[in-house]
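Some notes on the structure that comes next.
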Number of protein chains: 2
Amino acid sequence: MTKQINMDQQLVYRFGGGWADGSQEMKNLLGGKGANLAEMAGHPELQLPVPPGFTITTDTCNAYYEAGRHFPAKLEDEVMAALERIEELTGKTYGNVNTPLLLSVRSGARQSMPGMMDTVLNLGLNDETVQGLIAQTNDPRFAYDAYRRLIMMYADVVMEKAAGIPPVQGKGIRKLLDEHLESIKKARGFQLDTELTEADLRQIVIDFKAIVKREIGEPFPEDPMAQLWGGIGAVFDSWNGKRAKEYRRIEGLPDEWGTAVNVQAMVFGNMGKDCATGVAFTRNPGTGEHKFYGEFLFNAQGEDVVAGIRTPQPINEASKNSQSENLQTLEEVMPEIYAQLNNYQQQLEAHYKDMQDLEFTIEKGKLYILQTRTGKRNGTAAVRMAAEMYQEGMIDGPTALMRVNPNQLTELLLPRLDAMAERAATPIAKGLPAGPGGAMGKAVFSSEKAVELRQAGENVILVREETSPEDVDGMYHAAAVLTAKGGMTSHAALVTRGWGKCCIVGCNGLDINEAEGYFTTPDGTKVKEGDYISLNGATGKVYLGSMPVVDVDLADNEAYQTLMGLVDETKVLGVRANAESPADAANALRFGAEGVGLFRTEHMFYGKGSEKPLYLLRKMILSANRKERRAALKELFGYIKSDIKKTLAVMNGKPATIRLLDPPLHEFVPHDRQRLEELAEELAVDVSILEKRVLALHENNPMLGHRGVRLGISYPEITETQVRAILEAAAELNMEGRQALPEIMIPVTCSRNELQDQEKIVKCIYKEVCASLGVDEIPYLFGTMIETPRAALRSGPMAEIAQFFSFGTNDLTQMSFGFSRDDIGGFLPIYLEKGILVNDPFQVLDRRGVGELVRLAVERGRAQRPGLKTGICGEHGGEPQSVAFCHRIGLDYVSCSPFRVPIARLAAAQAAIQHPRQ
Amino acid sequence: MTKQINMDQQLVYRFGGGWADGSQEMKNLLGGKGANLAEMAGHPELQLPVPPGFTITTDTCNAYYEAGRHFPAKLEDEVMAALERIEELTGKTYGNVNTPLLLSVRSGARQSMPGMMDTVLNLGLNDETVQGLIAQTNDPRFAYDAYRRLIMMYADVVMEKAAGIPPVQGKGIRKLLDEHLESIKKARGFQLDTELTEADLRQIVIDFKAIVKREIGEPFPEDPMAQLWGGIGAVFDSWNGKRAKEYRRIEGLPDEWGTAVNVQAMVFGNMGKDCATGVAFTRNPGTGEHKFYGEFLFNAQGEDVVAGIRTPQPINEASKNSQSENLQTLEEVMPEIYAQLNNYQQQLEAHYKDMQDLEFTIEKGKLYILQTRTGKRNGTAAVRMAAEMYQEGMIDGPTALMRVNPNQLTELLLPRLDAMAERAATPIAKGLPAGPGGAMGKAVFSSEKAVELRQAGENVILVREETSPEDVDGMYHAAAVLTAKGGMTSHAALVTRGWGKCCIVGCNGLDINEAEGYFTTPDGTKVKEGDYISLNGATGKVYLGSMPVVDVDLADNEAYQTLMGLVDETKVLGVRANAESPADAANALRFGAEGVGLFRTEHMFYGKGSEKPLYLLRKMILSANRKERRAALKELFGYIKSDIKKTLAVMNGKPATIRLLDPPLHEFVPHDRQRLEELAEELAVDVSILEKRVLALHENNPMLGHRGVRLGISYPEITETQVRAILEAAAELNMEGRQALPEIMIPVTCSRNELQDQEKIVKCIYKEVCASLGVDEIPYLFGTMIETPRAALRSGPMAEIAQFFSFGTNDLTQMSFGFSRDDIGGFLPIYLEKGILVNDPFQVLDRRGVGELVRLAVERGRAQRPGLKTGICGEHGGEPQSVAFCHRIGLDYVSCSPFRVPIARLAAAQAAIQHPRQ
């Protein structure tokens, strides 16, 4: 990061009038918005009508912070020169009483952070220039409205927030001014702002200034230059505002980027009926369909569209939805302007070769393009656009693959409401389908409550009038978001789209009483906080009660199939699934898994149908001696074998790694007195004896205790039983004409000798099973988890015996950091907040520490045994960054939950594009 | 290990008659005993009168096992040839009826394993050759006694043990034969074996053979060749006997060594009054004094001396003790023989340049040397001999240093009975002072009980009639051993001497009733199992009750001072001590520590005088918010500062590493209801609130939880308070004219960012303290523990900030292996038993795994910061093998408990000799 400014460094880049000294390649320096404004204005293929302006670089922002929030000395000259150029192009002069130029000041980071930073519009207005504006526009009402908007924003953004003073009266100046506005409307008996007269607005300007002076202790600055510098400083300051920092943390964006500032001549969509403002996408961002899509409002400022206060009109037929189907389209009302806009959007998509999200304003019949950027899209749309653009020949295969964020696939795989259940139910409300998938959860009305209940393990749906950046945390924790107001481009829609989260917006009839904790729907249903509701994010329908949520079928999704076809041609890394049942295994195959990477034998003792095996396991665990233990294992054998056999049968021809019993035995014994008494009765022993045995199993640090291979070494009969079950199951399947490929995996090892001990047992049982079933051979592999740091270090000797390594990166992370995953709640949030860790290492593999152990183990293992098979089966196996790392260090495969297999596959393909293996 | 035998490989080496084809250099092949027999017989400087014989190599033993306990084919020819040579030299013939040669067969591993393997004597006797022996010796009583001894040993060692059949009648054939012998004596009214007549013995031979036939189902073999091969096989088999394996495990000897077999012509010390047998040491093995020392018995076999059945006679004045002061010496009775023996011992010590332990037999006035080996000695003796031999010019400094096993120093440092307390008490019994130091504990009468009570945390003293190899486990677990029988060369004395353990033997009047669990002393005191007794291992006095045990003063020990002088000239590695109080620190200095390597700040909250600080700490921990916490810390500050200041004052001019608070806070809160209620009252909060806070602190795996630097990051005020205390204490001491060198150490780190976070606090407090005390600087270092594997891997970046690393090898071991030290009880014993681990990695640093992390961290840390100071402060810092490793990888120092400082220093000197640093 350049933090010091050189004397010859350009701090300000200009654009407009068919020219610019910046371009889209300069995103890091000019921010996304600034770079695109320069590109649109200056690129010979485009030269679109962009209001002239200039961009102050991100380097300037960093220098500003480095200097303790002071502007670099040479900034002023460059800003003044750039301002003069705007004045030349517009024929207006900033601060001039007769031809006043009005400016906007907006943030613009390298990557869009919607609504997270501040903006000030209408800069340049004061008691004198407002007269000039009236003279220019002949619209005093408009001029005073613009003036009162400036005061409101400026007081909020510059005078209160950027100055860092506490919110006045505890609620902030903006709310205070809003309340005053509302009180005037109430006094006049008005509903809408637009009903306010020129006189009202003139008075409001006077009132606002008085309130600002009284509450903040400083007057609103009349000096236009003071306003401009105040605005620029406020944008810089908002880079480190609470909301922006929170957003960067969630999105994993670095603090060092800084923001650019875009200063631009104002154009107005709210100067009358021949004015409008809108937002459009070159393709449908919700479905990916190749149709121009957008919404606009007549006589409005851009923020009105995004804020969702009025229902916007569709720009064309393709943009109509259930709410707007009866509204007039821009195409109908202003056909020439629409044709021009449509022409521009085609130019833009062809130029950028990606879907563009653009903002436009029509000022007195003249179209301006205010912004273009690569449009956010949900997963469904991302996949469709990538596949179709590839098929259209606009982009090549690798580009198509890189266009989809692997995590976005979640959406396509997202559970949906059960169709049968949905058909049987009547929706209580209907809104706009802003986010994909289906969801159910308890209704909550505040961000705080959403976080609280979620952390208590509840599924929640956040229900809000409309959402604002303050709600981000709650939205993040909620399973879905439901808003009463807002359109498809509202805050709620944008944010949830980015996350691939179920969302319904603009659910008009919803009457939310946050204070008393309920909402009512148009049909009179009353839903209290904590009541379950279900949402269909694809149709916008809201149901009362908790509805079953089911998986989707990808077979019909042509775009998905096209994309995954490219994935399979491209990727090198194998992708397996963690699966412990025939259903899981079938699911895994459906999602494209190439094998089972982790079958946990202990799984059969959990959940439905586990009563009898669990009872036998407990009997085994609480045995007094080896003889009793052998007897219990003998009874258990059939269950274990049948469990394994069923999954091996499904995987027919594909390998399945079966991990021998791992958890400390203590996990399986009942801990409450009653269950223990029952067990004692069943086992016909005194409960006090059982209590003693349970107590003897207790450990201070069970994660580092008597588990994994340590069980197999202490109780060889446990290994024997499991190995016999695996080999018999495999041999029988082979005899039945199927192909079983079991891989026997020893957990929690730390030395070669442990493997040698267990290998002896396996070889011995192998001979016995071959003999007893009369077969010559049973194909199998013998290998180990690498999940202790020592195992990673000693992987050379271990590979003398192990034919494969599977990295258990969960445990490896626990032991490398010394973090108990169950106990990190006490400090990890602070670590993330302070930036001591960038990611939760249990979510994203720590490449520098844990990753080094993995890399080193692969290297040493392969040096010992060149054909050593390596994979990972920790939860990182389905996390794209971690998958990319696994590709880079040359693992053979990753294994993850079936549901994440497509994500891992795409991530693997992207890794292969970015890091081709030799 | 050579396990396969080549055709040209020599399996048998011969000695005797002033010649040998082996030598002392061939210990690995011939075992210690065999190599020394060859040396004594064949080396031109010696050519001592050794009974002729031959040695079968250890390779043969390994080949025997490799072949499933079958002798290599070519062994027979070599044995027969060697046997012929013995026959030539002795003029007797093995198995010949007229001039029968008798043979002994003994084990002989690379290192002596006293009593752990088997021996058979008098081989070659049968119903015919016994007549020849009678004719040769004219002593039928002797001949039949030899014959019955052979049957007894052979039945036990060859027919029962080596054959692997269960002990007959559950007690074993030897015991059965013994009982028969006793019954005959009883019937005759005899006390001693020697009272048995020729006729008795002849009958006993007949009876023995019948009993053997009946109980074992096979006859005693009359064929001398069958006897010889049976004996050889039995010795090989005894290498893997239970006792031998157990001993090797405790001593850390490899199974792969194998044992040699020594076959030798019998000479008899029990052929009459002109016969004798004895054991002697070239210097006193208990004190190290340079005087020939030994014991012997007239008319006895060698085993009689070691078994301690009769009280042996001293060989000279210098060998007299309280029991033998009135007995005649060998010097008095056989002056020529003594002179000859004395001459030989001088030759042997001069030749081997070390103290020799030799066995001799006098057969009808002719002296034979049966064995020589480097004599075992206790620590006191080892130090004295090393120092004196160095001063005598016999050995050089490095040799002197290598002569003392660092662990043996324990003895010199061993606590002794408090002299005042001892003077005030009257001994209840007195025995021979066989092992050094003082000890107190509960009297127990069986090995099993000793193990059981010790594992329950009790201090025990094992009291036995005499000890045998079956008692080894109990002896190991006992604080001391007390036996009623046996001399200074008895089993108990030999074994405890090797361990440097307190031991009193031959405590004659002791009447032990094992069955009823008590013993009585000559003065009528009755001591029941579980009663406390105290032993003075230096005087042999036994006291009733538990007597205080105190430290010793090394200042007076000239030999120790000489040796440690050599140590300090030689070693490179620094040695510090772990100390948390002025007393500890003073002790550390006394033992030669060069600084404090670990001062645990939490120590002040444990033990005596900790009530008030602990109360304040609890108040801090259970604070509701930062404000309350700061208030509690403010109160605590004075205690912390004074605690640290006292130790820094003692260390004046030497560095002291102070570790900030490490344990999870949960460790400090009261867990029982009553204490909690008291605390709630003191703190004036509801107990239910406290309970909630305590509950919130609970962790599943506290070892991997909210501890170490994680506390300092979550609660910066804790770091602030401690750092302020350290810096103020140091600054004040410096102002008082002392020199405080504190090193602030951050525990349980895993990343550079953690250190950066804490460093900021330290720097900030540093400025404040300098300002408030008006000083310009306070010398200190800032560094970190390296105790998570990730910290070791990321040591490069960490060294950007840390000025020193101190390896916390306890935690590093826990996390590398995934072994919770508190929970290894469930599996570690099995790991050691099965040989999966050679050592407990918490006792001996795992050089291959954990050690690699240490090595790598040093390398990476130094690459980043060339002057980086490195040390270890885990418990391995006082373990010789681990210290040697620390030297090799170039650490600056080790730190251990004050008591182990001399051990670490000597180990460091030895490491410097064996691995000179460049």
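Cβ from N, Cα, C; glycine included.
The active site, proton donor annotation in TrEMBL covers A:Cys873. Within its own chain, A:Cys873 (active site, proton donor) has A:Arg576, A:Asn578, A:Gly597, A:Leu598, A:Thr657, A:Met785, A:Ser806, A:Phe807, A:Gly808, A:Val894, A:Ser895 as residues 6 or more apart in sequence whose C-beta sits under 8 angstroms from its own. Reduced to three states, the DSSP call for A:Cys873 (active site, proton donor) is coil.
Annotation source TrEMBL lists Mg(2+) binding site at A:Glu787, A:Asp811. In the three-state DSSP scheme, A:Glu787 (Mg(2+) binding site) falls into the coil class.
As annotated by TrEMBL, coiled coil applies to A:327-361.
According to TrEMBL, the feature domain 'PEP-utilising enzyme mobile' maps to A:458-540.
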DSSP-derived helix, strand and coil totals, residue by residue, for the domain 'PEP-utilising enzyme mobile' (A:458-540):
18 helix, 27 strand, 38 coil
Chain residues in Cβ proximity to the coiled coil (A:327-361) (below 8 Å; excluding those fewer than six residues from its ends, i.e. six or more beyond)
24, 39-40, 43, 45-46, 48, 267-269, 275-283, 285, 292, 294, 296, 302, 311, 313-317, 319-320, 367-377, 385, 389, 394-395, 399, 403
Specify the secondary structure state of A:Asp811 (Mg(2+) binding site) as given by DSSP, simplified to three classes.
helix
The coiled coil (A:327-361): mean pLDDT?
96
Give the number of CB atoms, excluding that of A:Asp811 (Mg(2+) binding site) itself, located within 10 Å of its CB.
25
Please list residues from the chain of A:Glu787 (Mg(2+) binding site) whose Cβ is under 8 angstroms from its Cβ, counting only those at least six apart in sequence.
A:Pro747, A:Val748, A:Phe807, A:Gly808, A:Thr809, A:Asn810, A:Asp811, A:Leu812, A:Met815
